[in-house]
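Let me begin by presenting the structure, written as structure tokens, before commenting on it.
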Amino acid sequence: MALSPTSFSANLSNDSTQQYSSCSTDIPYVSMIATYIMIISVLGIIFNVFVLMVFFFHKKPCTVADIYLGNLAGADLLLTSFLPFWAVYVRNKFNWTFGNAMCRLTNSAIIMSWYCSNYFLVLVSIDRYLALVHPLSHEPMRRPGFAKCGCLLVWGLGLLLSVPTIVYRKTKTNYSNVTICFLNLDKNAYLTFELVLITFGFVIPICIISFCTVKIIMALKNRMAEGVHAQKMKNKATTLVLVVFLVFLICSVPFHVMRILSLLSSYKIVPGCDFYRNVAYSRQFFSYLAFFSSILNPILYVVVGKNFRKKAKELFKQCNTQRTTGIAS
């Protein structure tokens, strides 16, 4: 996810920006947007800390799904921990006051954690695909050791995707004495960076998740004749898979569509000031909508994940027992 100051064109070279220098792209309702980001941050921290506490304090070993869910919560927690800095930036009408180092750290952490979150959803889809479509032939791949290796690779990929942000994000004070935090890349480098993020952050994940979703639904339909138990299994599995798919569609697809349109507009493939301005507004709006996944992920997995709810109940019972014992002694 590439966050922007008053206009996403600040991430382009001077030549590209000058193409639409007369287009005003000031983002309206900055106070409302900043408040929304702060709410997302507070709720996201609370919900994801709760998920991590359940896994950390629960005595039984984590399943493969638990490993993915725990890492997903970790990625969302990292993202929401840095959102307050961006909320202050937005409230200050995109005047960055935290210095150059925090400009790089905040943006790289948000980009890394958001793309890691998407790929943990991919791992969940692959795990469900192997469990329901190839339950016997691929059983060794569903062991905790493989899950941990998969999560490690995802964190590595997220870090790799954030490297350009770490290196090239910087602060700059403009003629209005406003300090912006922007990506200092020339036109060709920026295009390459955007295409890499679109490919690895959107095209590949949505292809994998869509493939797994379709294959799982087809496999479960073929088992309909096995009776009531098979029907219940189908409903549970289908719900989980559709939840993963819907979370990705709602929170990731609109932003990346706007990202593609912004490239088309900025490079004059689709010319016009009105189009440029509308894309700028829409990209900002959908980038903030994408933050909502940090709240949506823990809520939906608590609702859908029967195993997680069971662990949470056991943890609460354990805490109540210890409290009662402490009072009695």
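Note that Cβ sites are derived from N, Cα and C of the backbone, with glycine treated the same way.
Model, not experiment: these values are computed from the prediction.
Taken from TrEMBL as is:
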- 47-301: domain 'G-protein coupled receptors family 1 profile' (DOMAIN)
- 1-22: region 'Disordered' (REGION)
- 33-57: transmembrane segment (TRANSMEM)
- 69-89: transmembrane segment (TRANSMEM)
- 109-126: transmembrane segment (TRANSMEM)
- 146-168: transmembrane segment (TRANSMEM)
- 195-218: transmembrane segment (TRANSMEM)
- 239-258: transmembrane segment (TRANSMEM)
- 285-304: transmembrane segment (TRANSMEM)
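By number of Cβ pairs under 8 Å, the transmembrane segment (239-258) is matched best by 285-304 from the list 33-57, 69-89, 109-126, 195-218, 285-304. Sequence-distant contacts of the transmembrane segment (33-57) (same chain, six or more residues past either end, CB-CB distance under 8 Å): 27, 66, 69-70, 73-74, 76-77, 79-81, 83-84, 86-88, 90-91, 284, 288, 291-292, 294-295, 297-299, 301-302, 308, 311-312, 315, 318. Only sequence-distant pairs (6 or more apart) were considered; of these, fewer than three Cβ pairs between the transmembrane segment (285-304) and the transmembrane segment (146-168) are under 8 A, so the stretches are not in contact.
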